[in-house]
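*Asks:* One structure is given below, represented as structure tokens, and several questions about it will come after.
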Amino acid sequence: MPREDRATWKSNYFLKIIQLLDDYPKCFIVGADNVGSKQMQQIRMSLRGKVVVLMGKNTMMRKAIRGHLENNPALEKLLPHIWGNVGFVFTKEDLTEIRDMLLANKVPAAARAGAIAPCEVTVPAQNTGLGPEKTSFFQALGITTKISRGTIEILSDVQLIKTGDKVGASEATLLNMLNISPFSFGLVIQQVFDNGSIYNPEVLDKTEETLHSRFLEGVRNVASVCLQTGYPTVASVPHSIINGYKRVLALSVETDYTFPLAENVKAFLADPSAFVAAAPVAADTTAAPAAAAAPAKVEAKEESEESDEDMGFGLFD
């Protein structure tokens, strides 16, 4: 079958990306740095039936989206995020589930000299199994060691590389000698596009409990500000009513003015002993039946033992 020319390929690519943007209401913009063709094939196979992965040149993706803005203006939000080595992951499934599947398809990778570290690398304290001739190599990296049974032992954990640092040749060589693969590469979600809205992938970590607690925190903050400024809102009115009632009650106690709800408070302040005396009486009334029941149980037990003896069921008979 003859290979299609470049113009036909471009036309088909534009049609494909437009069709996917229309058919799928949700997608991820993903970074594909350090992802090889073999790993990309594995990702496509593991997510088959759930997602469609589309890669391509940024200029072509932007051109296709700009040409479709008249039909779908919300797609304009995607344009500022199409830069670098990126692609699209289209889906109709739950976004959190697909995110977890993408994370599961990351593969460990060795450190390469000149690469930018995506995470912090710490070498743990351990016996390296390397001979004493490598001691100068560790000293050059500032790693404290000792010779133990003819091999080099690292005495404490060492932060070798910081996030964002360029991996040096010495660091890469050391990690390879220790068989440490500190990095993991895969498709990295940079932005989430969901029914016309675009947001950071961290939003997917928000649970209903988190949203509920944040909402209540906001309500408390609004109520506090409104109470301090005297501006009534639904959040602050209940507190304003309670505070007002407390002030009226305090005024009633200090003056001759009274109302039914204040009578009990005034009576308590006038004679607290009357309320204290009521508690022991209630306790005595509940304790009396229990005390009366105890002798009755003892008497019943004694009668039962006597009847057993009368019937001749003694232990040594």
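Even glycines carry a Cβ here, placed using N, Cα and C.
Since we're looking at a predicted model, the values are computed, not measured.
The phosphotyrosine annotation in Swiss-Prot covers Y24. Annotation comment: Swiss-Prot describes T59 as phosphothreonine, evidence class similarity to another entry. Residues or ranges marked as region 'Disordered' in Swiss-Prot: 292-317. The annotation SUMO2 cross-link is assigned in Swiss-Prot to K297. According to Swiss-Prot, the compositional bias 'Acidic residues' annotation covers 302-311. If you look up Swiss-Prot, you'll see S304, S307 marked as phosphoserine, on the strength of similarity to another entry.
Where in this structure would I find these features, and how exposed are they?
*Replies:* For Y24 (phosphotyrosine), the number of other Cβ atoms no farther than 10 Å from its own Cβ, over all displayed protein chains, is 16.
Neighbours of T59 (phosphothreonine), defined as other CB atoms within 10 A of its CB across all chains, total 9.
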*Asks:* Just to verify a number: CA distance, Y24 (phosphotyrosine) to T59 (phosphothreonine), in angstrom, no decimals.
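*Replies:* Each residue's Cα considered, Y24 (phosphotyrosine) and T59 (phosphothreonine) end up 21 Å apart.
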*Asks:* For T59 (phosphothreonine), which DSSP three-state class applies?
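*Replies:* Note: T59 (phosphothreonine) is helical by DSSP.
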